[in-house]
Number of protein chains: 2
Amino acid sequence: MDLTTLRNANPDHWFKATAIRALTLDAVHAAKSGHSGMPMGMADVATVLFEKHLKFDASAPDWPDRDRFILSAGHGSMLLYSLLYLTGNPDITLDEIRNFRQLGAKTAGHPENFLARGIETTTGPLGQGLANAVGFAIAEEIQRARHGRKIVDHFTYVMAGDGCLMEGISQEAITLAGRQKLSRLILMWDNNNITIDGPVDLADVTDQPTRFRAAGWDVIEIDGHDPTQIDDALTRARRGDKPVMIACKTHIALGHAAQDTPKGHGALTDDQQLLDAKEAYGWKYGPFEIPSDVKTAWEEIGNRGAAAREEWENRVADLSDRKRDAFNRAQSGEAPKRLTATIRALKKQMSESAPKLATRASSEKVLEVVNPIMPETVGGSADLTGSNNTQTADLGVFDVDNRKGRYIHYGIREHGMAAAMNGMALHGGVRPYGGTFMCFTDYARPAMRLAALMEVPTVFVMTHDSIGLGEDGPTHQPVEHLAMSRATPNTYVFRPADTIETAEAWELALTSKSTPSVLSLTRQGVATVRTEHKSKNLTAQGAYVLAEAEGKRQAILIATGSEVEVALAAREALQEEGIGTRVVSMPCMELFAQQDESYRRRVLPAGPVRVGIEAAVRQGWDRWLLGERGREAKAAFIGMDSFGASAPAGELFEHFGITADAVIEQVKSLLG
Amino acid sequence: MDLTTLRNANPDHWFKATAIRALTLDAVHAAKSGHSGMPMGMADVATVLFEKHLKFDASAPDWPDRDRFILSAGHGSMLLYSLLYLTGNPDITLDEIRNFRQLGAKTAGHPENFLARGIETTTGPLGQGLANAVGFAIAEEIQRARHGRKIVDHFTYVMAGDGCLMEGISQEAITLAGRQKLSRLILMWDNNNITIDGPVDLADVTDQPTRFRAAGWDVIEIDGHDPTQIDDALTRARRGDKPVMIACKTHIALGHAAQDTPKGHGALTDDQQLLDAKEAYGWKYGPFEIPSDVKTAWEEIGNRGAAAREEWENRVADLSDRKRDAFNRAQSGEAPKRLTATIRALKKQMSESAPKLATRASSEKVLEVVNPIMPETVGGSADLTGSNNTQTADLGVFDVDNRKGRYIHYGIREHGMAAAMNGMALHGGVRPYGGTFMCFTDYARPAMRLAALMEVPTVFVMTHDSIGLGEDGPTHQPVEHLAMSRATPNTYVFRPADTIETAEAWELALTSKSTPSVLSLTRQGVATVRTEHKSKNLTAQGAYVLAEAEGKRQAILIATGSEVEVALAAREALQEEGIGTRVVSMPCMELFAQQDESYRRRVLPAGPVRVGIEAAVRQGWDRWLLGERGREAKAAFIGMDSFGASAPAGELFEHFGITADAVIEQVKSLLG
């Protein structure tokens, strides 16, 4: 590239874009780590986007009707931090830029949404941002249909690299977007032909434009360093009736000695090469120095949307109280006040009829009463609607001609679904839940982890949660997936025993503001076990005494989900033999861990022997069986220590020894 | 469809195909569960494939040079079981068909490779079989290049449905296959336009042929019920120089009342509809009854390859001893005899020089001595070659014009890589290992689980295994991934402390025949801690006493990987204060669990307080800290209970309190 020609062709643009490049070089140099090449390559595209297209007000990064800018290629975080700093974002100061990648800085190695406003999502694991963006665009469509274009009317712009497009999740995301004609979604592909191992064609020769067209997208191919082409492409992209991919041919690490090389992908820290690059840019300023005219020009870009934002606020103020409250409540993530009463009424009704019901069917019963009073819920399933019991009659189906529809047929795309739900939750105004088989936690896993890290309350409805799935066999029978989810920080894993606990779990999931929930639900019918103490949400305490020992308390049985009835049956037999046995239902270990010690001691006093029962691996149980510091109780566990098998469910529980008889035997053995 | 026309056009073909449909209907009817529609829809394609193209000998399902037939749409398992039974596979008898989906049967709900010969891989989780098939085809190319076309010369046929193609992994698989021009890979797409939730276009409007062409494939579109078109397409497909996708337009549940409907996807168990379907087929036979002429015709198909198989055996017999032994040893999965001596020599050398080295670099040192003596290893990385240290100089790079190359640039496709490696391991003759960051265990997870379930010794090289990764931050720092892998049955999780243990872990991984290995390796340098007892493979015992207490043994510190040196530092300080402290290195919990109790007791005697140290979540540790049945020891754990952060690694260990000082404090606190 001849930088001088570029500079002379449009010096205003050039120095704005170069400010990004210079900050990137300086920050990576100071941190001695990071990724320089992507921000340097995509600086031109980002500059034109922010200057001429992106609707935002830097002083109000939380403005609900802003356009969203998502950096899916999260390793290029300095692009985002530079843009936020330059435009005047209140959270990303020059000090934050100087502290790039240091402990306590908001400028983490990869963008983390919870550290600063203006960071829309957490990216780095490749492809996630692109799939989040699909969720952002769906949320905008649904919100726009519901609240009207005066209140919701914005675009989602996402920047992705070759890595994002090679990841499988990108296919799930783009085909879902193409099917749904998400015309407010615009993808800018950083087509720089470089990956870490070498040129892209070392591993991939995909014709990306053709691939995107096959997925239902429009494609525009441009020179990613030509501001006019960038501007024209964005203008055209905003007019279409499909999602648009703009293939931006760029040079990674533009202007640096490492330009167009894999080295350019990483940290460019060489002192002289840094000076040479700045020299080539015509950039005469020291480290972290932005000349005032360039900074002023960027701040004007940051202010560009201020008037629009004020007009929007006036329009919101002009809404009827009812409409404004509805918008604001959904936006805030607050559940409606009557949710608690609604859940309570259902619990009362269900404990009276006390049906034998699969907890996935219980979950449907909850959704039937919740969805009508929470218009912000958006349900869906990865092509297992009838099995996951996620659809209720009132939702309608989200489609091109029914944007008010609140049920999404995600297709066989567990990973894309999970990441899209995260995007919706991040967007705000909607509360997503979606279903698949518990075993396919595996497929959704990278996005489930990010939900936890990003602190969004996405609800994962995971049905068929054990060998109780039966004949489909071990490929579909989770045994380690409860442990996996429980091992993940900031995740509520609910395994309710019956309709009452399922309703309580949903109440907690729907009122959570910063923790995702995994609902682990049975395929098979289970008895209603909570026939007393219906009013209070006992699941909120994580575990509680479901049935007290009669006589001297010698044993405590701790169980979850479908195994609670096994525990109750064992208790009955043990009591008949005079062995005082308490049953503790433990629908959520994480919430139990959050209770104060005196409550935990009351539920699990030291002394009696303990048996844990769960049709899954033991991992994660010992804290409750043995005590955190040990020496608390003699204990045993009844569960799985292998993969399952293909057979009718009842036979499998016998085969793997998850029975009341096995529990009784263990209790007696522990009691000596 | 007018079935009479089809039948009359080619009655021979028709009744062979109908035998599959009838067996499917009968087996699903008997099991009262299963998936009828797919086998009924693809019976024609399968019949032509087996009759005219597939190279196999039913009596010798393990023949190494057979063509592979992979049913990626694993829910259609009755298609595969029918084909195996009809052609005379020795494992799948009529009794097995009758026992479809019952406890102990080889005919599980989804095909499980370890239950019967002829089942090439375990499928059901969608897209996996397709991605396995890419690995099969790569293994064939590498084997053919190495052993010559007289010994290795076969095709991989894979049958996939809409679900497989919607899953993201399919994109990773097909783009890798397209890049590598795997011309021996032929995909038959069951294009029936139906998913569980409804017609495909409910969720997807992808132009699949265009998508495949964009990925570097040839595409042939046919009527999947026309034997002539099927035959012609397969003939053409075998001639090309690219992988070929044959889009087979089919009717799901052909001839049944549920034909062309989502109901047809599932279990068709209605008595009368079953009889009506058989009537429509012109099939006059009772349940599980195959007329002898049809069975004989199928058995002739099963015998078709017998002569070719015998000729092949003669060619193998004619090889020089050296060549035959090399082929047979690789095929058997046996490591070369000199592996142990090679590892031992490296251990000796490394314990003498005792460098401070990241275990990922140690891993490279092991590969440098192992790859030259094990020509069956095939390495690779998901675009992190330099970071994963997976490439050695001797391997060469697998490419279109270098099929002898043993290093694969998988691209940014962790999931596709893992599944392809499983396919290679299943194919036999090669031993795959591949690298990515430990945190991206998340992306590879569905295939890692299947490796364990399928009992294949795939090696997952997972580097950057903790907050020691540093500045890239929590998106890239595993904290729960050791627990996840350990929760998975039949998986060795190795977290070696230094080069010595890394070499031992590799020895175990490379000699494993039915268990996959996860190597959890540091980014950061760690000291050589194993300066004694170098000769024996102590990692094989899972845990061992690395440093004994001096004086009265009051504390046992148990650590893995980079935290072993933390434990040693703590021990030194504790001993100075007169607190006798043992350090146990525990590189593999699974292998320790397999030791007899007396050894476990010797390593972890009851009495002394225990502190576990690992820069990850506690889950999985309590068994060793507290004892299986409890009351064994007072214990504490030093590790992570949250996500990590972006900062230099050293600061993070301080910040999260994973230090010798913290260990010392815990020991003193436990000792009171």
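Placed from the backbone N, Cα and C atoms, the Cβ positions cover glycine too.
Automated prediction, rather than curation, is the source of TrEMBL annotations.
Marked as site 'Important for catalytic activity' by TrEMBL: A:H35, A:H265. Annotation comment: TrEMBL describes A:H35, A:H265, A:R360, A:S387, A:H464, A:D472, A:H476, A:R523 as substrate binding site. If you look up TrEMBL, you'll see A:H75, A:G124, A:P125, A:L126, A:G163, A:N192, A:H265, A:F440 marked as thiamine diphosphate binding site. The feature Mg(2+) binding site is assigned by TrEMBL to A:D162, A:N192, A:I194. Annotation source TrEMBL lists domain 'Transketolase-like pyrimidine-binding' at A:357-528. Look at TrEMBL and you will find A:E414 tagged as active site, proton donor.
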Cβ-Cβ neighbours of A:H476 (substrate binding site) (radius 10 Å): 24
Local backbone state of A:D162 (Mg(2+) binding site), from DSSP in three classes: helix
Listed binding-site residues (A:L126, A:H265, A:R523) that sit near chain B [CB under 8 A]: A:L126
Other C-beta atoms that fall within 10 angstroms of the C-beta of A:E414 (active site, proton donor): 33
Between A:F440 (thiamine diphosphate binding site) and A:H265 (substrate binding site), the C-alpha gap once rounded to whole angstrom: 34
Cβ packing number for A:R360 (substrate binding site), 10 Å threshold: 23
A:H75 (thiamine diphosphate binding site) - helix vs strand vs coil (DSSP): helix
DSSP three-state assignment (helix, strand or coil) for A:I194 (Mg(2+) binding site): strand
Densest Cβ neighbourhood among A:N192, A:S387 (binding-site residues), 10 Å radius: A:N192
Residues A:H75, A:G124, A:P125, A:L126, A:G163, A:N192, A:H265, A:F440 [recorded thiamine diphosphate binders]: greatest CA to CA distance in Å: 34
DSSP three-state assignment (helix, strand or coil) for A:D472 (substrate binding site): coil
Integer Cα-Cα distance in angstrom, A:D472 (substrate binding site) to the residue listed as 'active site, proton donor': 18
A:S387 (substrate binding site) versus A:P125 (thiamine diphosphate binding site) - Cα distance in angstrom: 30
